[in-house]
Structure formats: C-alpha cells, structure tokens
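So that you can see what the record holds, here are the features copied from TrEMBL:
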REPEAT    A:53-94  repeat 'WD'
REPEAT    A:143-184  repeat 'WD'
REPEAT    A:185-228  repeat 'WD'
REPEAT    A:229-270  repeat 'WD'
REPEAT    A:282-314  repeat 'WD'
REPEAT    A:315-345  repeat 'WD'
C-alpha cells in the first residue's frame with residue numbers, strides 16, 4: 001500500500017502484538033499444574049547408566065537414535081561422526097568430516113544412512129555400508145548449503161528429504177537425491193539453533209528455536225510461520241514435540257524449560273528452580289509425555305514431571321556439559337552426550353525378579 | 001558453545017544484513033518491506049483459533065494417563081525385558 005509509512009506500520013505492529021497477547025490471555029483460565037492436582041505424584045526415581053560410549057576425542061555435540069532402538073549416531077567437535085551399537089558399545093562406523101564442530105547429526109529412517117554437518121555450512125548424507133572396509137567418505141553426498149553453520153538436521157518421514165536449521169537464521173527442506181531446496185523458512189531474526197518434526201499423525205509441521213528467543217511453528221508445504229512464541233529470556237537451544245503433537249517443550253540458556261500448547265497458543269508451564277542457574281542444552285519427553293528430561297550446562301540431567309511442574313530426579317555422571325539428549329524410539333532408555341567426550345545410555349532402575357547370587361552360603365538379592 | 005554462538009551471531013548478523021533480511025542500515029524501502037512482512041505475519045497469527053487452557057491441559061493430562069502404563073521410563077521394566085540390562089557373565093567354577 002503506497003500510503004504505508006514505517007511509523008504507521010510499526011504502530012500497527014505494536015497494536016497487533018498487544019491484541020495477540022490479550023486474545024491469548026482471555027483463554028488462560030487455569031494452570032496446567034492445577035488440572036494435574038488430583039493425579040498421584042510420581043514416586044522416587046532411581047535411574048542408572050547402563051552403557052558408557054567412549055571413543056570420541058573431543059566434545060560430543062549431537063546424537064540421534066536409529067529406529068532399530070539400538071544404534072546411535074553421534075558427532076563431535078573434532079570432526080568425527082561415529083555409529084555405535086548401544087547394546088554392545090561397539091563402534092560400527094566412523095567418518096571424519098572435513099570440518100570441526102559437527103553440531104548436527106541424524107539417522108535416516110531406513111537405518112541405512114546418516115546426515116551430519118556443522119561449521120562447513122552444509123548437511124551431508126553418508127550411506128552406511130555393510131562392508132566395514134569401505135571408505136564411507138567416498139560415497140558422501142552434499143545435500144544442504146547454508147550461508148552459516150548448520151545447527152540441526154533431521155530426515156522427514158523418509159530417507160528422501162532433510163530438514164535443516166542454520167546460523168544464517170533460516171530453516172530449509174531439501175531433496176536428498178538432487179540436493180535441491182524444496183522450501184525455505186524465514187522469520188527468525190537470528191541464528192536458528194534447533195528444530196523438531198511433528199509426529200507424523202499431526203501433519204506437515206515442524207518447530208524451530210533460535211537466538212532471537214523465539215520458537216516458531218512452520219507449515220512445511222507453504223513455508224509459512226503458523227505460530228510463534230516469545231517467552232524465553234535467552235537463546236532456545238532445544239525444542240521437542242510432546243508425543244501427541246499438541247504441544248512442544250523448549251530448553252534455553254535462561255535455565256528454564258517451557259511447555260507450549262499449540263491449540264491454546266500459549267506457554268502453559270515453566271520448569272525451573274532457583275537453584276538451577278545454568279542453561280538447558282537439550283530436552284526430550286518420555287513415551288507418555290509425563291516426563292521431561294533436560295540436559296544442562298552444569299553437567300546434570302533434571303527429570304521433570306510435565307503435568308505437576310516439579311522435578312522428580314536429578315542425575316549426575318557426566319563430567320562436563322550435557323550437550324545432547326534423546327529418548328530411544330521405544331522409550332526404554334535415553335542417551336545423553338557431553339563435552340566430557342562420552343555418551344551415556346540410562347534407564348529406570350528396577351529390581352530384578354528374584355535374582356540369587358550365591359556368595360558362600362548366603363543368597364543375596366542383587367538389584368540391577 | 002554459548003560464547004561460540006555469540007561470536008557467530010555477529011557473523012550471521014552481518015551475513016543477514018548483506019542478504020537483505022535484516023536491514024537496519026539499509027535504505028528505508030527495505031525497512032518498510034520488513035515492517036510490512038511483520039504486520040502481515042502478526043495479522044495471520046492473530047486470526048488462529050484457540051481453545052481454553054483448561055481444555056488443552058485436560059487433553060495433555062489424559063494423554064499422559066492413557067499412555068502411562070506403556071512408558072518404560074515412567075513405570076520401569078523388569079530386568080528381563082530391559083534391553084540395556086548389564087550383559088550377563090557366566091563364571092564357571
């Protein structure tokens with residue numbers, strides 16, 4: 001409109017923002033934890049690390065599970081990408097990237113390839129060969145090209161498309177075979193640090209978080225930002241959909257995790273404590289959505305009761321920042337990666353059915 | 001990583017300026033374009049249909065409760081079903 005001036009537009013912008021907040025506030029009739037008051041509180045949680053994966057020579061930056069629930073891909077500051085069998089802790093494949101700080105890695109749905117990237121500003125796909133002697137780097141395919149670092153990547157529902165986020169402030173959808181950009185997503189005002197794809201039943205959307213403290217929900221077909229949320233006080237390092245697809249959680253440098261409901265279009269819970277002052281690097285839900293696991297820069301993992309808003313457990317073990325955390329596809333365990341160069345697979349401590357360990361003439365029940 | 005990102009933020013801010021996405025220093029015409037985009041986006045977001053938090057929260061709660069029994073990290077699994085149980089070692093005397 002030719003009569004639009006910058007001032008008029010800015011005023012309209014402010015008015016619309018206020019109106020948006022008013023509309024959201026009208027529907028804010030109750031808090032999530034109030035709705036959850038009558039539910040039984042979760043008992044004491046004891047979790048145990050079952051496997052420690054050692055082999056990276058520097059900070060672990062990212063990891064992802066294979067759909068087979070046992071294989072894991074991880075990437076490191078030293079440029080190495082390793083595929084592990086988490087049951088046996090064996091390393092099955094290793095690739096050396098031509099760059100350091102491989103900040104993103106992902107397993108293909110078929111289990112036959114991995115994608116990774118970082119300071120090279122690209123996302124590359126490596127088909128995994130059954131032949132251990134084959135040089136994986138030879139079959140490397142460059143798919144995505146950004147103008148700044150790659151912060152996150154994930155395959156969509158097939159091996160054919162990859163979604164990426166970048167320090168250049170954009171996200172993009174790519175065709176793996178041709179390397180063509182299918183859609184780009186503009187709207188963040190600074191580096192995009194993370195993304196997560198909606199569960200397939202919920203349709204073609206994904207959520208991203210960035211250094212602009214905003215989380216945005218995007219329509220993958222149109223490139224349109226559908227909803228945005230700006231309540232964090234610092235960078236959003238991690239976003240993850242609630243298993244039903246109706247909400248997502250975020251973890252931020254402001255030392256909080258938050259839950260945003262998509263249908264209520266607002267933040268519905270904050271997971272924080274005065275004693276937690278270090279940033280959250282990564283978050284993920286347990287299968288039912290009742291638990292939220294957060295990896296923190298103070299080396300700990302906090303486990304939150306999503307409904308009641310309380311912390312149910314704090315896990316120690318890593319000797320440096322927890323940088324990445326994912327629950328396994330069948331929800332039996334979660335894996336955390338750290339600046340201490342290791343990955344740890346942890347799950348719920350449970351007593352064995354009566355296990356008898358003969359020690360001389362004694363019988364001892366041994367918890368595993 | 002925090003300091004690393006801050007340093008890169010400066011670089012990315014520069015690259016965004018050159019590509020015209022952030023245009024604080026550029027001609028007023030692109031500032032108007034950016035403002036128009038922002039207004040258009042806000043109008044779109046204002047239009048979406050919303051439900052009460054009470055309704056949304058109840059649905060979240062119900063989903064949790066309905067799926068609780070099959071959540072291995074929530075209810076725990078007997079050791080025999082735990083794929084990550086310690087590998088058994090046999091000692092033959």
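One-based numbering along the chain as shown.
Glycine is no exception: its Cβ is also placed from the backbone N, Cα and C atoms.
Note that TrEMBL annotation is computational and uncurated.
Here the structure is a predicted model, which means the values were calculated and not measured.
For the repeat 'WD' (A:282-314), the partner stretch with the most Cβ pairs below 8 Å, chosen from A:143-184, A:185-228, A:229-270, is A:229-270. Within the chain, the repeat 'WD' (A:315-345) has long-range Cβ neighbours (under 8 A, six or more residues past its boundaries) at 47, 49-54, 56-67, 69, 72, 74, 76, 84, 86, 281-287, 293-303.
Away from its own ends, the repeat 'WD' (A:185-228) comes close to residues 148-149, 151-152, 154, 156-157, 163-173, 234-241, 243-246, 248, 250, 252, 260, 262, 265 of its chain (Cβ-Cβ under 8 Å, at least six residues beyond either end).
Tertiary neighbourhood of the repeat 'WD' (A:53-94): same-chain residues 100-107, 109, 111, 114, 116, 118, 126, 128-129, 132, 136, 152, 154, 320-321, 323-324, 326, 328-330, 332-333, 335, 337-339, 341-345, selected by CB-CB distance under 8 Å and a gap of 6+ residues from either end. Looking just at the repeat 'WD' (A:315-345), the mean pLDDT is 97.
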